[in-house]
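K.L.:
Please find one structure pasted underneath; my questions will follow.
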C-alpha cells in the first residue's frame, strides 16, 4: 500500500521550554539538530498546564492530560478537576457508589480498605480526595477503615511524605474513623511495566500482612528509611501497627484517579486469568471501588465513570480514510493509544500500533537512551514503507530520565534524542514527508529546586515547543495551547477540523509571490 509522503507528529515527553539555563538539561545538552531547527524552522510555544488543559489553575501538566488534549483538540475537564468540583459542590459526599459500599459493610460488619497515593501532586491522585472519603465515613459513623498508603516522591519532592502524613493526621483527628496499616513506595505499588516482582510483595502485604519490617507508626518507618537513604518512591512494602489485611467480605476502595499506574495492582484482585505471580490467597471482596474506570475489562465499581469523547484526531483521520500508526516504547504506549484516543479502548479503522519494549532497568538514569534507538529504527522503517499517512510517535526519555533527578543522565537522554530526531528527519526528507514536534508537558528543563534544595523530579508548568519542519507553511499565532495541535495537523492534511475541536489552526500555507 505504497502511497504517500507521511506526516509525523513527534511527542517528546517531558521536553519543556525554559528561558533559564540553570538546572536545564535541555539547554546544557549538545543538540545540533534541534538548535538548527530552532534557528531556521517555524516554531511557537504552547501552554501545557493548568486551565488550558482542563486542570486547576497553575497545576502542572502530565502525560495523560497532555496526550488527551493533543488528541482531542478541545479542553476536557480532567478527572482531577471533576472530583475537586464534586467535593466542593457536595456531590462527592452524596455519591451513590460510596454510600452503597459503606451501607453494605455496616450490615455485614466488615472493613473498608482505602488504598492509593498519598500525595498533593495531583497527577495520579490527590490527598484531599482521601480526606473527603474520611469525612464521608465519619458522617456515616463508619469506623472500620484501614488505610494502605502509597508514597510519592516523584510528582512531589523525593522526601515529602512526612508533610502529607501531618495533613492526614490532622484529618484523622477531626474524623477518627481509620488507622494507617501499611505504607509502600509507588515504585512497587504503582508499576505499569509488568514488573510483577515489584507488585507481588505489595499484594502479599495487603492480603496476608506479610512484610520484612513492621513499625508502630508511619512516621517512625519513614525516618528509618530516610536514615538509610531510601526516599518516598522506593520505600518497601511495610506493615504499620497491628496487622489488618484484606479479608473475605471486605471492600477495597482505590482512590487514584489516573488509570495507567492503578491497573496492575487492581488486576491482582480482579483478573480471573491473572498470571503475574502465584497469589497465595485471594480474598472474596464484597466490592472493589475505583475512583475512575481503570480498564473496561477490569470490573471495578466506578465512582466517577468516563465521559465519552467523539471526533478525536484518530477518529477524524480514520473517517477520512487515512491510515495512521501509533508508536512508542512500553512506558508511553498507553499515552499514544488509549489517552490519545480520549480514554477510549477501541482501535480505529486503519490505525496500527507498535510497542517497542522499554529496557528492564531499575531506574532509567542507568540507561538514559532507554529504547530510543530501537524506536527510531522501527519508525524509520515505517516512514520508508510509505504505508501510513500519519505517524504519531512518543519518545519517553526527557520525562522518564528527568523523573530520576539525575542531571547528567538527563543531558545524555536529550543528546540521544537529538541524534534520533536527525535520523527520523533524514528518512522523512527522502520520502517528501513533514514533521511536527511538540511535547505533552515539561520536566527535563528544570532539574533542581532551590525552594526545597532537592532534585526537581516532578513535571513543570513551563510551556512546550511546537515546531514544524518541512517547508511551505508558517505559524499565524505567536503562542497557543495543546488543543491547537490536532486542528493544525488536520490543516496540513487539507482536512477541516470537526466542530467538536475548539482548538485553533495555527499553521497556514505560504503564499506564492507573483
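Positions of Cβ are set from backbone N, Cα and C atoms, glycine also.
As listed in Swiss-Prot for this protein:
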ACT_SITE  63  active site, phosphoserine intermediate
BINDING   13, 63, 440, 441  Mn(2+) 2 binding site
BINDING   124, 154, 155, 186, 192, 258, 259, 260, 261, 332  substrate binding site
BINDING   399, 403, 459  Mn(2+) 1 binding site
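Help me understand the surroundings of these features in the structure.
P.N.:
Following the DSSP three-state reduction, the secondary structure of residue 63 (active site, phosphoserine intermediate) is helix. Same-chain residues at least 6 positions away in sequence with a Cβ under 8 Å from that of residue 63 (active site, phosphoserine intermediate) are, in sequence order, 13, 14, 332, 335, 339, 399, 440, 441.
Classification of residue 259 (substrate binding site) by DSSP places it in coil, neither helical nor stranded. In sequence order, 64, 292, 293, 294, 295, 334, 338, 343 are the residues near residue 259 (substrate binding site), counting only same-chain partners six or more apart with C-beta under 8 A.
Note: residue 403 (Mn(2+) 1 binding site) has non-local neighbours 14, 154, 364, 443, 457, 458, i.e. same-chain residues 6+ apart with C-beta under 8 A of its own C-beta. The DSSP secondary structure for residue 403 (Mn(2+) 1 binding site) is coil.
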K.L.:
Could you tell me which of these binding-site residues, 399, 440, has the greatest number of Cβ atoms within 10 Å of its own Cβ?
P.N.:
440
K.L.:
For the binding-site residues listed here (13, 155), tell me which residue's CB has the most neighbouring CB atoms inside 10 Å.
P.N.:
13
